[in-house]
Amino acid sequence: MSGIWVLLSLVFTCIAGPLSKGDDAQVTDPDSEMVKLNITKRESECPEGQHREGQFCCQPCPPGKRKHADCTSPGGAPQCVPCSEGEDYTDKNHHSSKCRRCRVCDGEHGLEVEKNCTRTQNTKCRCKPNFFCHTSQCEHCNPCTTCEHGVIENCTPTSNTKCREVFQSAGSRSNLHWLWALLILIPVPALVYREVKRRCRRKENGYQKPITSNAEEVPMIKDVDLGKYITRIAEQMKITEVKDFVRKNGIEETKIDEIMHDNPKDTAEQKVQLLRNWYLYHGKKDAYCTLIQGLRKAKLSALADKINDIVQKDVTSEQENANSQNENESLT
């Protein structure tokens, strides 16, 4: 009988052991879930509209201001300071420490100010009178066409003038063609004579155009002093063209930004200073060739030809004056 009681005691002990372990497991599971929940909360993103700055999620700065210092509590507002009126702005909630620079309406490109820049709104530009642009965001406006035979539709800020066409009879068109032919042919002998004479003078002075194997024309004068032409060259170029050229020819972005910042509302001066800075950096040697060939590579051949004509005519005029002076001195 005592043996039966001993056997029953062993059975109860075996059953009670697993049950007590099961109860312990039930108790520790909630603690494990709580740890996981805390980790998930720490790793979660900030609420919508907030941004993590250091250890806290911060509110954004409102339009017209920029962040000066981070928030010091969860969900708090950072220290924000106003943008500079008329110089920079922000037009939406943001977390940046910088305002955006106001747009400049370039008068040389046919633009004028429609609405001034404020702390919360960028400058709004429009075409000047007698200029138009087809796109909503214009970098430059084109001059309106002037009609010779009447206007069908006037020029507007978004469309060019539509001119009335004059239809002529076959006889009048034929006479007009003969007239144009005469006007074109009459000056040809004089132009040929002048060109031959000029080439002879150049040959006498050892001044010849170099022969090139490629299609790109190399300037006849390689080491012309561009210093006195900088302003005239700048007048022929757009600010975007000047920035693109100097950027590709060694001027760092920080220097470009510095020049733009020093002359914020004077596009003409920005172009002059950018080109002058490049010329000082490059030096006189081959600067003229670099300018002309750089414009051609940028598919601005018409602009390169225009600048080339300005310099070539000036240099040719100086040489002709020098030759004339030498001839006068030899006669005396």
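Quick reminder: no glycine exception, Cβ is built from N, Cα and C everywhere.
Pulled from Swiss-Prot:
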CARBOHYD  Asn38  N-linked glycosylation site
REPEAT    82-125  repeat 'TNFR-Cys 2'
CARBOHYD  Asn116  N-linked glycosylation site
REPEAT    126-164  repeat 'TNFR-Cys 3'
TOPO_DOM  193-332  topological domain 'Cytoplasmic'
LIPID     Cys200  S-palmitoyl cysteine
REGION    210-314  region 'Interaction with HIPK3'
MOD_RES   Thr212  phosphothreonine
REGION    227-251  region 'Interaction with CALM'
DOMAIN    227-311  domain 'Death'
Structural state census, the repeat 'TNFR-Cys 3' (126-164) (DSSP three-state): 0 helix, 13 strand, 26 coil
Could you tell me which three-state DSSP class Asn116 (N-linked glycosylation site) falls into? coil
